[in-house]
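Remarks on the structure that follows.
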Amino acid sequence: MADFDVIVIGGGPGGYVCAIRCAQLGLKTACVEGRETLGGTCLNVGCIPSKALLHATHSLHEAEHNFAKMGLKGKSPSVDWTQMLAYKDDVIGQNTKGIEFLFKKNKVTWLKGWGSIPAAGQVKVGDEVHNARSIVIATGSEPSSLPGIEIDEKTVVTSTGALALPKVPKSMVVIGAGVIGLEMGSVYARLGAEVTVVEFLDAITPGMDGEVQKTFQRILGKQGLKFIMGAAVQGVKTAKGKNTVTYKLRKDDSEATVEAEVVLVATGRKPYTDGLGLEALGVEMEKRGQVKTDDHWQTSVKGIYAIGDAITGPMLAHKAEDEGMAVAEVIAGKHGHVNYGVIPGVIYTTPEVASVGKTEDQLKEEGRAYKVGKFSFMGNGRAKAVFQGEGFVKILADKETDRILGCHIIGPSAGELIHEICVGMEFGAAAEDIALTCHAHPTFSEAVREAALACGDGAIHA
Ligand code: FAD
Ligand code: NAI
């Protein structure tokens, strides 16, 4: 008899959610995690700590830039970096312990240690081999660097080092204007560091709506971030406490350098499957290192499944969680489903940036006729009251049917607002359905309704 119905390898958002759902569906479940705490990249060195630092430094920005405007005068707070890191660690601790509590509550066994799969149906942790009818690989991802760059996690860091620097640097070069680069770059710029972002492409946040990219870069520029665009980083040299980043401008191949106390390498992440023994098992892999799965998250080996950052698709915690729940349903003999067309993406800067569904570029490429309903936060009373009138909501809807195809928001609480559209898209809503829904005043959500109205007869406050 098998020791467990399911063993999940990895206790991140994919793995822990999968384990809890398996247990809730009546399966005897274990989760293997080698870190000292549960929660994976997301809770320990990703989503949660970065949002804690973004919150703290956003509060500082408000005190320094907006308090006096509201008649709140007096000394601005000074930064106690040690205390800020302690606050961040406390937030991590509360969250990771919360997962441990949920494991106990749902009777999920935590097998502490690094797991491998010696044979289908077996998971080895330390010296012990456990039998399981089904195995789920949820081992996540790790930062990927560039040739010519040696990461020491002290002055040449990935996001992990950037979340725990011993002091706030005077200057920072961020390589890569993606999500990590801009979130962490914002944190340090608000703390007073001179931040220069070096990006290979000509636009920040690749894949985002073009208008959002431009507006976002302009706003971040006003916040003090400098951008060197179209620049391929060649390497980083460290000497006498300074790092020199060499880059080549793509337009004319000219080489230049930029110096900084700390360099953050934020050029993407790669799947992490080291030590699992997948090659010996004959588990097929994608060209870029992800575990290959079928439509039901099963690998090429029967009974072994894979989810989250270790497989293809956006490397997002909520995508991993959705797959975790869905694969649990599949293993329990039910119908698991993930709608990959409606996975929101959010950048937690100020303003926030959020998007779901298709961009205009994608629709043009598909040759699909669409209409655009756009509304500026300048016409939203609540946004102006909190100094966030810059930005807009853009809804893309099918020209004929009015069905919502995508939405792109830059502005206050964009990461919350986007979900109205996600729910709408799940229900196959037309822009008119949003436009006809009463939205409370004064809320940021009214901007979403106005953008929906702009898909039809027109917005009111534009
Ligand atoms: P992971 O969270 O990476 O978890 C995998 C776990 O498996 C790890 O704990 C690892 O120790 C363990 N493991 C690996 N191999 C083994 C083994 N052999 N045995 C035992 N255990 C093993 N996403 C968002 O959606 N929103 C955000 O705001 C966000 N912010 C981020 C900020 C940063 C700085 C970073 C780096 C990432 C961020 N992400 C964010 C991405 C998010 O963290 C990942 O998409 C998510 O964690 C993926 O979940 P996962 O379960 O697939 O893998
Ligand atoms: P990313 O893929 O978002 O951005 C990497 C950037 O680096 C790209 O703009 C790319 O063009 C650039 N780049 C690559 N090589 C370069 C070079 N040689 N020189 C200059 N620029 C170069 O990757 P990032 O920011 O590291 O994030 C990794 C993952 O983590 C993402 O997939 C993201 O989904 C996830 N994440 C999500 C967050 C969120 O949801 N808020 C927050 C942080 C991370």
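Placed from the backbone N, Cα and C atoms, the Cβ positions cover glycine too.
Automatic, uncurated: that is what TrEMBL annotation is.
The active site, proton acceptor annotation in TrEMBL covers HIS441. The FAD binding site annotation in TrEMBL covers LYS51, GLY115, THR139, GLY140, SER141, ASP309, MET315, LEU316, ALA317, HIS318. Under the heading NAD(+) binding site, TrEMBL lists GLY176, ALA177, GLY178, VAL179, ILE180, GLY181, LEU182, GLU183, GLU199, GLY268. According to TrEMBL, the disulfide bond annotation covers CYS42-CYS47. Taken from TrEMBL, the feature domain 'FAD/NAD(P)-binding' covers 4-324. Summarising the annotation, TrEMBL assigns domain 'Pyridine nucleotide-disulphide oxidoreductase dimerisation' to 343-452.
Mapped onto this structure are the features recorded in TrEMBL.
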residue: CYS42; record: disulfide bond; Cβ contacts under 8 Å, 6 or more apart: GLY12, PRO13, ILE48, ALA317, ALA320
residue: CYS47; record: disulfide bond; Cβ contacts under 8 Å, 6 or more apart: ALA317
residue: LYS51; record: FAD binding site; Cβ contacts under 8 Å, 6 or more apart: TYR348
residue: SER141; record: FAD binding site; Cβ contacts under 8 Å, 6 or more apart: THR41, ARG269, LYS270, PRO271, TYR272, ASP309, ALA310, MET315
residue: GLY178; record: NAD(+) binding site; Cβ contacts under 8 Å, 6 or more apart: ILE204, THR205, PRO206, ALA266, THR267, GLY268
residue: ILE180; record: NAD(+) binding site; Cβ contacts under 8 Å, 6 or more apart: SER50, SER159, LEU264, ALA266
residue: GLU199; record: NAD(+) binding site; Cβ contacts under 8 Å, 6 or more apart: GLY176, ALA177, GLY181, PHE227, ILE228, MET229, GLY230, ALA231
residue: HIS441; record: active site, proton acceptor; Cβ contacts under 8 Å, 6 or more apart: GLY381
Listed recorded positions with Cβ under 6 Å from ligand 2, out of LYS51, GLY176, GLY178, MET315, HIS441: GLY176, GLY178, MET315
Rounded distance in angstrom between the Cα atoms of THR139 (FAD binding site) and LEU182 (NAD(+) binding site): 26
Annotated binding-site residues GLY176, GLU199, MET315, filtered by Cβ under 6 Å to ligand 1: MET315
Neighbourhood of LEU182 (NAD(+) binding site), C-beta criterion under 8 angstroms, separation at least six: VAL174, VAL197, ILE204, THR205, PHE216, LEU220, LEU225, ILE347, THR349
Among LYS51, GLY115, THR139, GLY140, SER141, ASP309, MET315, LEU316, ALA317, HIS318, the record's FAD binders - longest CA distance, Å: 30
Residues within 8 Å of the GLY176, ALA177, GLY178, VAL179, ILE180, GLY181, LEU182, GLU183, GLU199, GLY268 Cβ centre (excluding the NAD(+) site residues themselves): VAL174, GLY185, VAL197, ILE204, THR205, ALA266, THR267
Mean per-residue pLDDT computed across the domain 'FAD/NAD(P)-binding' (4-324): 97
